[in-house]
Each structure stands twice: as structure tokens, then as C-alpha cells.
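Down below is the structure, laid out as C-alpha cells.
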């Protein structure tokens, strides 16, 4: 597998709608002139943005966290430009961008150092061949203080790897449970 360059990412986004909406260059300043956490195309990746829809984890129901039977009431829904994550807690969000991954491609997503250096960890699983949808993002606040996440700014970088051989079975072929997801998607079994 080889990592794909900015030229390939631009070509695939423009001709195959691999990323929508798409920023062909790095964006570091907002439309009103403010400095922001960068997003858009980088040398060998694409920096994704967080939308303004969040699910903030709370344990008001004193429930047990069970990935096979997750209680949706464990979250508080929030919509806004800045999400405050409680100390030692987490929040879910989704990307602004909608992805359509080619059959020969697998992605790996890594959190941006701007957040990591503040104790905020971004976790995303790989985007599998022929998966499509908005990406659900998980932000862990590892600090003993509240932490901010900024909507419509960069939060993580997606790296695209192309195989020299097409996979036998893609995510779409398997009927993956997160195929075509919109909005923040909770665990499914």
C-alpha cells in the first residue's frame, strides 16, 4: 500500500466526489480573518473538520458503559460553535465532510497535534474500501479540567493508502452497519 499525495486527493475529490465539501488547499484563517485550527488538503492527507453537532457523555443515570447495549440517555445533545467536554469525559461529533472511499483505498485517521498537546485525544477508526458517510469522531478529554472543541475547524488528519490489489470484499459488499451514516452515530451491534 502506498500513501497518496495532495495531487491524488484533489483529483479524487473533484472527479469522484470522494470528499464533500472539499477544500483543495490548507485553510488557516476563517472568512472573518480569525486564526483557526487548519483544515483541508495537506501534502499527504486531508485535515477534516468537526461539525457543530455534539453528544456529550454524562453519567447522570449511573449506568454501565456497554458497547453492545449502549444507553443513548448517557449523552446530552448540544449544537454550537464550541463544545465544552467535562474533565475526564468524552464527546462524539461528526465531520463536516462526507466521504466516499474507493474500493482500492483504506484510510487511517490521526488526531491533530494542536488538540493532543492540550490532552484532547481524537479517535477515529479506519475508513474501509467503499465505505461512505459522515465520520463519527470521538474526543477524549484526558485532563482534570473542562476542554474546548471548535466546530468547523480542523480536528484530525486522514491519510489515504491505495493497495496494489483490489480487495475481494469491500465494506459495501459486507453491508457494513455504518454505511451511509449521517449525523453522530452511536455504537451498533
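The backbone N, Cα and C atoms fix where each Cβ goes, glycine too.
As recorded in Swiss-Prot:
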BINDING   112, 113, 114, 115, 116, 117, 136, 137, 138, 157, 171, 181  dCTP binding site
ACT_SITE  138  active site, proton donor/acceptor
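When the Cα positions of 112, 113, 114, 115, 116, 117, 136, 137, 138, 157, 171, 181 are compared pair by pair, the longest gap among these dCTP-binding residues is 34 Å. Counting neighbouring Cβ atoms within 10 Å of each of the binding-site residues (114, 136), the lowest count belongs to 114.
The DSSP secondary structure for residue 112 (dCTP binding site) is coil. Mapped onto three states, the DSSP output places residue 138 (dCTP binding site) in strand. According to DSSP, residue 171 (dCTP binding site) is assigned to a helical segment. Cβ-based crowding with a 10 Å cutoff singles out 171 as the top-ranked of the binding-site residues 116, 171. Of all the Cβ atoms in the protein chains shown, 19 others lie within 10 Å of the Cβ of residue 112 (dCTP binding site).
Neighbour density for residue 138 (dCTP binding site): within 10 A of its CB lie 17 other CB atoms from the protein chains shown.
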